[in-house]
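Inspection log for the structure reproduced underneath, given as structure tokens.
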């Protein structure tokens, strides 16, 4: 196979890698009825690209969600809760509740929060 044939093969493989996916869907804990210890994991349906954990007082909701709808208005409307805290994440089973009642933050999320602060501190340092 010459250089041209190798380039065509490489292009074809690259196109397949970009346009085909393995079929892996996001896994989230899913307990749409409030519970304090959700352990039911499901594969999210197509179009649901985010895991959600929402807390309204003692009520805790875990489910698959759409990232585009990860905002207070959409979540509070669907759950019919006027005051709540929520967290959306995009890794498998990332919407698990911690023992102390908090939500687990992934290492990447923490890094995304801390990095700009460190950069700002570095720039402001005389």
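Using the three backbone atoms N, Cα and C, a Cβ is placed for every residue, glycine included.
Feature annotations, reproduced from Swiss-Prot:
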SIGNAL    1-25  signal peptide
DOMAIN    26-106  domain 'UPAR/Ly6'
DISULFID  28-51  disulfide bond
DISULFID  31-38  disulfide bond
CARBOHYD  43  N-linked glycosylation site
DISULFID  44-64  disulfide bond
DISULFID  70-88  disulfide bond
DISULFID  89-94  disulfide bond
LIPID     100  GPI-anchor amidated asparagine
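In the three-state DSSP assignment, the secondary structure recorded for residue 44 (disulfide bond) is coil. Neighbours of residue 51 (disulfide bond), defined as other CB atoms within 10 A of its CB across all chains, total 28. The Cβ of residue 31 (disulfide bond) has 20 neighbouring Cβ atoms from other residues within 10 Å, across all protein chains displayed. Taking only the Cα positions, the spacing between residue 43 (N-linked glycosylation site) and residue 70 (disulfide bond) is 19 angstrom. Here the candidates are the disulfide-bonded residues 28, 31, 89, 94, and by Cα distance the one nearest residue 44 (disulfide bond) turns out to be 28.
Residue pair residue 31 (disulfide bond) / residue 88 (disulfide bond) shows a Cα separation of 15 Å.
When DSSP labels each residue, the domain 'UPAR/Ly6' (26-106) comes out as 11 helix, 28 strand, 42 coil, counted as helix, strand and coil in that order. Within 10 Å of its Cβ, the residue among the disulfide-bonded residues 28, 88 with the fewest other Cβ atoms is 88. The Cβ of residue 70 (disulfide bond) has 18 other Cβ atoms within 10 Å, all protein chains considered. For the disulfide-bonded residues 64, 70, 94, a Cα-Cα cutoff of 10 angstroms around residue 28 (disulfide bond) retains 64, 94.
Cα-Cα distances to residue 38 (disulfide bond) place none of the disulfide-bonded residues 64, 88, 89, 94 within 10 Å. Looking at residue 51 (disulfide bond) and residue 88 (disulfide bond), their Cα atoms lie 6 Å from each other.
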